[in-house]
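Notes follow the structure.
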Amino acid sequence: MSYLLDPSRKTVTIPKLQAMREAGEKIAMLTAYDSSFSALLDLCGVEVILVGDSLGNVMQGQQTTLPVTLEHMVYHTECVSRGNQTALLVSDLPFGTYPTPEKAFESAAALMRAGAQMVKLEGGDWLAPTVKFLVERSIPVCAHIGLTPQSVHALGGFKVQGKTDESAAQLKRDALALQQAGAQLIVMEAVPAKLAAEVTAQLSIPTIGIGAGVDCSGQVLVLQDMINIYPGRKAKFVRNFMEGQPSIEAAIRAYVAAVKDGSFPAVEHTFSA
């Protein structure tokens, strides 16, 4: 992908994302699993590229993300890294690869060697010691709270989280504990918009929403969902950005623009308590 290199384009860093949050500029994030789409997302101004374990669904045809292995994540991270020039590259720690802080470090180090600049892991305040352990060893962390797909069986399915007073209070505790442990980014999935706004307001780090309303610091979607090439029923928070667009590039640019101007997510993509 050397033909895409442009020395005038500035690299997106964690401090850059923090500055965007403080300035009120929305952050656009999308998934990618190969070098071609990675290069296209980067070229279209996507600030954060996520190598998600969602590859289990959209690349491997799995029903859940649970079968995805660390080896799968390393391979796809390497591919995405080769296509990316400026976006911040985040990779998921897959199911079963962070049972202890020490094991989490081994897994995260493998992803960092493959080209990740930050790792994402799913869980609440119980993960704070692991996050602290990673951050102290120079591994930036994005935490993922709310609906955590790796916990699909424990949660009883893909359900909106934080709908009761008790679960909403726990989500707030989770977010604060993970920030205090050193997380520099938090993804909130399938959370009522009002609750996500409250969590965002109580934190000093950026939040990225997926089905969490417009008041998060930014938004993320699975690429195959937003360009409408993944068959089957779509989640409520998905919008088909290919509609009315002449190309995938145009759809990605439309997504970035909609995130930036706050028109996505709209009310129809949002959950209420």
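Just so it is clear, glycine is given a Cβ too, placed from its N, Cα and C backbone atoms.
Secondary structure at E189 (active site, proton acceptor), taken from DSSP and collapsed to helix, strand or coil, is strand. What Swiss-Prot records for E189 is active site, proton acceptor.
According to Swiss-Prot, the Mg(2+) binding site annotation covers D53, D92, E122. For D53 (Mg(2+) binding site), other Cβ atoms within 10 Å of its Cβ number 28. Annotation note: D53 (Mg(2+) binding site) sits in a coil segment as assigned by DSSP.
The 3-methyl-2-oxobutanoate binding site feature in Swiss-Prot is assigned to D53, S54, D92, K120; the stated evidence is sequence analysis. In this structure, K120 (3-methyl-2-oxobutanoate binding site) is part of a beta strand by DSSP.
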- Note on the structure: Within 8 Å of the Cβ centroid of D53, D92, E122, the other same-chain residues by Cβ around the recorded Mg(2+) site are G52, S54, T65, V68, L93, P94, F95, K120, L121, H144, P149, Q150
- Task: With K120 (3-methyl-2-oxobutanoate binding site) as the reference Cα, tell me which of the recorded positions D53, D92, E189 is the closest one.
- Result: D92
- Message: Is it possible to get the count of other C-beta atoms within 10 angstroms of the C-beta of K120 (3-methyl-2-oxobutanoate binding site)?
- Response: 25
- Message: Highest Cβ count within 10 Å among the binding-site residues D92, E122: which residue is it?
- Response: D92
- Task: Write out the long-range same-chain contacts of S54 (3-methyl-2-oxobutanoate binding site), meaning residues 6 or more apart in sequence whose Cβ is under 8 Å from its Cβ.
- Result: T31, T65, D92, P149, V222
